[in-house]
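K.L.:
Pasting in a structure now, in structure tokens, and then I'll have a few things to ask.
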Amino acid sequence: MNTPDPWSSPEVQFCFAAANSSCPRKARPALVVCAMYLIMIGAIVMTMLGNMAVIISIAHFKQLHSPTNFLILSMATTDFLLSCVVMPFSMIRSIESCWYFGDLFCKVHSCCDIMLCTTSIFHLCFISVDRHYAVCDPLHYVTQITTRVVGVFLLISWSVPIFFAFGLVFSELNLIGAEDFVAAIDCTGLCVLIFNKLWGVLASFIAFFLPGTVMVGIYIHIFTVAQKHARQIGTGPRTKQALSESKMKATSKKESKATKTLSIVMGVFVLCWLPFFVLTITDPFIDFTTPEDLYNVFLWLGYFNSTFNPIIYGMFYPWFRKALRMIVTGTIFRSDSSTSSLHPAHP
């Protein structure tokens, strides 16, 4: 007697077997399904724990209560919410190719997806503004980047994506002109976010290309200024103080670390999000023929940016490494732990 291979593709199945209008469920070998669940659950857990560590560190330790760190705290909160509210449901949809949670929650999930991803990108943009003042105008940094200014940054970072996401999805402006395609694929268990040609371009511009261009421009300027400062130090007056060997080594190390950090920041950001937003623009122009699996790969690549954020903007800071050790070892539960000295106080 032949026994079915548990690792082979199953027969054609439907999301809701009892529904006549059910969407077909994508057939995948069980081994592939297991691998996808392991990878995506791992990404969700890493995103959740990494950003939770940043949130606890900044919220608990008083020495970290600075305007700059409030930006990082807010971004970590955004990425944490993404891992809790959006990614688990996207995981099931991506693997099972079915939506089991109803039409209303489909819209809410789509809104939260757009909102939180855009909010995270906006935070990255404003953090680049903060770093610009810190590196390019350090003498006036404290007076320029105040708690009030950061409050404005946070207000923009949250309010614009909220109004944009919920307004667009519930008004269905993104579907105008794509009604025939929507009707053709409509079935029970479907939850896809479709953009027409106009909103494919506008949404990508608002959520990625505008803040991304600002961010790239700022970091290029920061890099240029940092290199200029390094050359000025190297060609300055040959005084005993200016030519201090220890100072020159420290400066060289600092500039090298800054260059490395900026390269990683920009590389990860562009690598994670550029493919998805290019696809968002091009898909309506090729009659929505992008393969579903390719769309999911690019979507999750974008999600991974929220996984990497606490590593880039947290673990590169010595205060975070020390705070993380205190969290892991339980030292944080001491009554006086909130006043512990974490050096340096500012990133």
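Heads up, residue numbers simply count up from 1 along the chain you see.
Placed from the backbone N, Cα and C atoms, the Cβ positions cover glycine too.
Model, not experiment: these values are computed from the prediction.
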K.L.:
With the domain names in Swiss-Prot as our guide, do Met36 and Ile95 land on the same side of the membrane?
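P.N.:
Topology check (Swiss-Prot): Met36 vs Ile95, same domain name.
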K.L.:
Name the residue range among 161-174, 175-188, 259-272 that Swiss-Prot annotates as region 'Extracellular Loop 2 (ECL2)'.
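P.N.:
It is 175-188 that Swiss-Prot annotates as region 'Extracellular Loop 2 (ECL2)'.
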K.L.:
Based on what Swiss-Prot records, which one of Cys15, Cys191 is disulphide-bonded to Cys106?
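P.N.:
Disulfide pairing in Swiss-Prot: Cys106 with Cys191.
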K.L.:
Just checking, which of Cys23, Cys106, Cys187, Cys191 (disulfide-bonded residues) has the fewest C-beta atoms within 10 Å of its C-beta?
P.N.:
Cys187
K.L.:
In Å, rounded, how far does the Cα of Cys23 (disulfide bond) sit from the Cα of Cys106 (disulfide bond)?
P.N.:
15
K.L.:
Restricting to CB pairs under 8 Å, which listed stretch, 38-58, 150-170, 261-281, 297-317, is in contact most with the transmembrane segment (70-90)?
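P.N.:
Answer is 38-58, with the largest number of Cβ pairs below 8 Å.
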K.L.:
Reported as an integer number of Å, what is the Cα distance between Cys191 (disulfide bond) and Asn20 (N-linked glycosylation site)?
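P.N.:
Here the two Cα atoms are 17 Å apart.
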